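Residues or ranges marked as region 'Disordered' by TrEMBL: A:1-25. According to TrEMBL, the transmembrane segment annotation covers A:33-54, A:100-121, A:133-153, A:177-202, A:223-245, A:282-304. Feature annotation from TrEMBL assigns domain 'ABC transmembrane type-1' to A:96-303.
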Amino acid sequence: MTHIDEAPQSTEPEKAVAPNQGRAKKLPTRDRATVITMVAIPLVLVLLLVWLPAMLSVVLSFGKWNGFGDLGTIEWVGVQNYKDIFTIYPAFWPAVKHNLIWLTFLFLLPTILGMLLAVVLDREMKGSRLYQTAFYMPVVLSLALIGFIWQLFYSRDQGLINQVFNSEVDWYGDPDINLWAVLVATAWRHTGYIMLIYLAGLKGVDASLREAAAVDGASEVKTFFHVIFPVMRPINMVVIVIVVIESLRAFDLVWVINKGRNGLEVIGALVAQNVIGEATRYGFGSALAVIMMLISSIFITIYLRTVFREERNR
Amino acid sequence: MLCILVGFCLQEAFVSRTTSTAIPRSTVATMAATRRNVLRGIGLSGLAVGGASLLAACGGDSGPATGSGATVKFGINEAEGSGPAYDRLKAIAAAYGKESDTEVKLNAVDHNTFQESINTYLQGTPDDVFTWFAGFRMAQFAEAGLISDVSDQWPIDGLNDSFKQAATAPDGKQYFVPVSYYPWALFYRKSIFEKNGWAPPESNNDFMELMKDMQGKGITPIAFGDKDGWPAMGTFDILNMRLNGFDYHMSLMAGEEKWDSDEVKGVFETWRTLLPYHQADPLGRTWQEAATSMGKGESGMYLLGTFVVDAIADQADDIDFFTFPELDSAIGADALDAPIDGFCVASAGKNQEAGKAMAKWLGSAAAADAGNAGADAPFIAANEGASTSSYNDLQKKSAEVVGAAANIAQFMDRDTNADFANTVMIPSIQAFLKDPDDIDGVTASIQEQAASIFG
C-alpha cells in the first residue's frame with residue numbers, strides 16, 4: 001500500500017513529465033491533455049489524501065492537543081511527545097519488539113509454509129483444488145473476524161483447546177503466551193495468502209524450463225532451487241513486501257482481542273489507543289504514527305532501491 | 001471550521017491506516033455479549049469516518065424558539081433498534097413532544113460512534129440536547145465551553161443534592177441533567193448463599209471469614225475478568241474510597257494528588273492481599289465470562305455494575321448484592337461508584353432556549369416514567385418522584401442503596417481525564433495484575449505519565 005504511495009513522488013515528476021515534453025510534437029493536443037490529466041489526477045489525490053495528512057501528523061506530533069477548540073489551542077511542546085514515548089511510555093518498546101517478532105515469525109513460518117504448499121499443490125495432485133480452497137478460505141475473512149473465531153479456541157474458561165486438553169492455559173491473557181497465540185491465528189490466514197500468490201507465480205513459469213532441467217538430469221529439489229526459484233524473483237519480491245507490510249500494519253487482530261494491551265502491544269494499536277475513541281491525545285498519537293511512518297520508510301526505501309537497481313540493470 | 005476539517009483529515013488518516021473498531025466500555029454496559037459487540041464493531045468500522053457527518057445531519061429551519069410549534073433537536077447515543085435503551089429515549093422524546101407541543105427531532109447514533117466522535121460533533125453542528133454522562137468528561141466539555149450552563153434550570157423537582165453535585169462543574173454551575181444511574185457492588189446468588197448458610201458481610205472481618213469459608217468449600221470467592229481493561233478500575237475505585245475516602249479519591253482523579261503517594265500504594269497493597277481470593281488470570285477473561293462463573297456457582301461474588309445480570313439472564317431473579325464493606329472506621333462505607341447518565345445542552349446548538357427547557361423536563365419524574373413505560377426493561381430513575389412499579393427487586397434495592405449513599409463517584413473512566421484513564425490507567429492496572437509485587441514500579445510509572453498528561 002505505502003510503497004505505491006511513495007513511488008509516484010520519486011518517479012512521476014521526472015519520468016512522466018520529461019518524456020511528455022519530448023513527445024509533445026508527435027502527440028496531438030488532445031492526447032497530450034489526456035496524458036496530463038491521467039498523471040495529474042492521481043498525483044493530486046496522492047498529495048491530498050496521503051502526503052498532506054502525513055505532513056499534518058508530523059506537525060501535530062510536536063504539539064499537545066485534545067481536539068477541543070481551534071488550532072490556536074494547540075500547545076507546542078517541541079519534542080516532548082517523542083521524549084515521553086522513548087522514556088516514560090511503558091508500552092512503546094514492547095510494541096517495537098512485538099512488531100519485529102511479528103515480522104520474523106511471518107517470514108520464518110507462514111511464508112515458507114505457504115511457498116511449500118504452493119509447490120506441492122502445483123503438482124496437480126488429486127483433490128488439489130479442494131486443498132487450495134481450504135487453505136485459502138481464511139484469507140477471505142477479515143482479521144477482526146479471525147480474532148473472534150480464535151477466541152472460541154483460546155478462551156481460558158470456555159475455549160475448545162483448554163476443554164479438549166483439560167489444561168488451564170490463559171492463551172489470550174498471559175503476556176508471555178498471547179503474542180504467540182495471536183501469531184498462530186495470523187499464520188492461519190497468512191499461509192493461504194502467500195500460497196495463492198506463489199501458486200499463481202508457479203503457474204506462470206515456462207514449462208520448458210522444467211523439461212530442460214529434467215533432461216539435464218536435475219532432481220526436483222535442485223530444479224526448484226536452481227531454476228524455478230530464480231525465475232520467480234519478481235514474485236519473491238512481492239512476497240517480501242507483503243510480509244513486511246503485513247507485519248508493520250499488524251493491528252486488527254490484537255485490537256479485537258484486547259485493544260493491543262497486556263503483551264499484545266503493537267505500534268499500530270498504540271496509535272489507535274491514543275487518538276481513536278475517547279482518548280484524544282492527538283499530539284502523542286501523531287508522534288507514534290510518525291515513528292511508525294519512519295520505520296516503514298526504511299523498508300520501503302530498501303524495496304524501492306532494489307526495484308530501481310533491477311530496472312537499471314535490465 | 002478549519003479545525004474540524006483537520007480533525008477529519010487526521011481521523012481519516014488514522015482510520016485508513018488502522019481500521020478502527022468500536023471500543024466497548026463500561027458505558028456500553030447493556031450490551032450482553034462480546035460477540036455481538038465484535039460483530040457490531042465490524043459492521044460499524046466502516047461508518048467511523050462518516051460517523052461525524054451522520055451526527056451532524058440536520059436541517060436549518062427555524063420557528064418559534066420555545067413552546068408550541070418550536071423545534072428542538074435531540075441527539076441520542078443509542079442506534080435505532082438497539083434495545084430497551086433506545087426505546088426508552090424514543091418514548092421520552094415522544095412524551096416531551098406531546099407535552100410541550102414541540103417538535104422533537106431525534107438523531108439516533110450508535111453508542112460507540114457517538115462517543116468516539118463527540119469532539120467533532122460538539123464543535124460542528126450538534127443537536128440542541130444530547131445524551132451524556134456526569135463526571136470529569138462533562139466538566140471537561142463545560143470548561144472548553146462546548147456545553148451550556150443550565151444552572152438557571154436547577155433545582156429540578158425530585159433530584160436531590162447528590163445528583164445536583166454530580167451535575168456541577170468545577171466552576172460551581174450545573175451543566176448536566178441526570179436521568180438514570182446504576183450502582184457498582186458485590187453481586188452474589190441468593191440460593192448459593194442460602195445453601196451454604198452465608199450472609200452478606202457487615203464488616204471487613206465478616207468479609208474475610210466469608211471468603212475463607214468459600215475457598216474451603218472449593219469456590220473462588222470473587223469472580224474477576226479484566227481483558228477489556230476497564231472492569232478492574234471498579235476495584236481500584238472502591239478500595240481507594242474505602243481506604244482514603246471519597247474526597248481523596250476525587251482529587252486523585254482530578255490529577256491533584258500524586259499517584260506514587262503512600263495512599264495510592266496502600267490501595268494497591270490491600271488489593272494485592274485480596275488477589276488470592278480473586279479468580280486467577282483475569283487478563284484473558286471478559287467480564288461476561290467472569291459473570292458466567294458466578295452464575296454457574298464456581299465463584300461466590302462479583303464486583304461489577306448491575307449490568308452483570310445481562311450476562312446471566314437465566315439467574316437474574318436469583319441475584320442480589322451488597323456494597324463493599326468498611327475497611328477503615330474513620331472513613332466508613334458510604335461512598336460508591338454509581339455512574340449517572342443524563343443530558344447536556346450543546347453550546348453550538350441552534351435553539352438554546354428550547355434545549356434548556358427540554359433538558360429541565362428530561363430530569364423530571366414524568367420523563368423517567370415515560371421512558372420506563374416505553375421499554376421492556378426499565379432504568380433506575382434519578383428522580384425520586386418517578387414510579388418504581390416497573391422495577392425488579394435488584395433495581396428497587398439499587399435505588400435504596402444509592403439513595404442512602406453519602407457520596408457517589410462516577411467510575412474512573414468518567415471521573416478522570418479520558419486520555420489518562422484509557423492510555424495510562426488501563427495498562428498500568430493490568431501491569432499490576434500481572435506482577436502484583438512491583439507496586440513501586442507501577443505507581444512510579446503512573447505518576448510520570450500523569451505528570452505529562454495533566455501538565
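Placed from the backbone N, Cα and C atoms, the Cβ positions cover glycine too.
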- Top stretch by Cβ pairs under 8 Å to the transmembrane segment (A:282-304) (candidates A:133-153, A:177-202, A:223-245) is A:223-245
- Spatial neighbours of the transmembrane segment (A:133-153) not adjacent in sequence (6+ beyond its ends, CB under 8 Å) are 117, 159-161, 171-172, 181-182, 184-186, 188-189, 191-193, 195-196, 252-257
- Item | Same-chain residue ranges lying at least 6 outside the transmembrane segment (A:177-202) that approach it to Cβ under 8 Å | 98, 101-102, 105-106, 109-111, 113-115, 117-119, 121-122, 132, 135-139, 141, 143, 146-147, 150, 154, 169-171, 228, 232, 234-235, 238-239, 242-243, 246, 250, 253-254, 257-258, 262-264
